[in-house]
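If you look up Swiss-Prot, you'll see Ser102, Glu126, His242 marked as active site. The zearalenone binding site annotation in Swiss-Prot covers Gly32, Ser102, Ser103, Trp183, Tyr187, Ser220, His242. Positions annotated as domain 'AB hydrolase-1' by Swiss-Prot, on the basis of sequence analysis: 27-207.
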Amino acid sequence: MRTRSTISTPNGITWYYEQEGTGPDVVLVPDGLGECQMFDSSVSQIAAQGFRVTTFDMPGMSRSAKAPPETYTEVTAQKLASYVISVLDALDIKHATVWGCSSGASTVVALLLGYPDRIRNAMCHELPTKLLDHLSNTAVLEDEEISKILANVMLNDVSGGSEAWQAMGDEVHARLHKNYPVWARGYPRTIPPSAPVKDLEALRGKPLDWTVGAATPTESFFDNIVTATKAGVNIGLLPGMHFPYVSHPDVFAKYVVETTQKHL
């Protein structure tokens, strides 16, 4: 049975969270769009294999919209890691496996490096290290124009499966419509420079598994492959592109379970 509720943390964030199962903790950190419904099917599949799975909407996004502006502006990996630790504290999650894609990937690596006593292992997918002007420049547009542009980008360029993306439903897409401007103004200019992957020695030997999308153009995240290889971090592929938990939830859940089991 899944718990769906809210909880507040001392930093002023009221988090919407979901939790299912019993066993070792697995935490699924959303990408920059902040919407945990993307993990809906995978949560149950992972929990069924003997884990307690927790996920949440990110500060300022979707059902965690009640949050101080500083938690969703000039966002960095390190800030996000501190916010995630605050909700783990509130939920009494002391030691967890963490997954994250995009800004979530930066977050889980920052958690692994900054809070090693709290993290069993981390899985990161398509971690952004480069400024992309065509995304950063949307910040100056009106909200509606930002949402229109980014909805098209997500569906047609990076979803990895347009049918699965659309199938998330009207309520999810209505929340994403509101999240796109928050992301455009708070994430693209500050997340890539904060990527916690510059110190290769700091990554070496850490319980970290790295993936990119099998259908993502190689040049998009080639730097991920190079960095992981140089640091001796396991690098692999997941089907689809930027959102494997939406396009291929069964394969994603299996990957999370099997990777976590290696570290128990």
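Glycine residues also receive a Cβ, built from the backbone N, Cα and C atoms like all the rest.
If you compare Cα positions, Trp183 (zearalenone binding site) sits closest to Ser102 out of the active-site residues Ser102, Glu126, His242.
Neighbour counts of Cβ atoms within 10 Å were compared for the recorded positions Trp183, His242, and the top value is held by Trp183.
The domain 'AB hydrolase-1' (27-207) scores a mean pLDDT of 98 in the predicted structure. For the recorded positions Ser102, Ser103, Ser220, the largest tally of other C-beta atoms within 10 A is found at Ser103.
Contacts of Tyr187 (zearalenone binding site) defined by a Cβ separation under 8 A and a same-chain sequence distance of 6+ are given as Gly32, Val75, Ser103, in order along the sequence. Cβ environment of Glu126 (active site): Cys101, Ser102, Ala105, Thr211, Val212, Gly213, Thr216, Ser220, Phe221, Asn224, His242 lie under 8 Å away, each six or more residues apart in the same chain.
The DSSP secondary structure for Ser220 (zearalenone binding site) is helix. DSSP classifies Ser103 (zearalenone binding site) as helix under the three-state reduction. Of the residues the record lists as binding zearalenone, namely Gly32, Ser102, Ser103, Trp183, Tyr187, Ser220, His242, the two whose Cα atoms sit farthest apart are 20 Å from each other.
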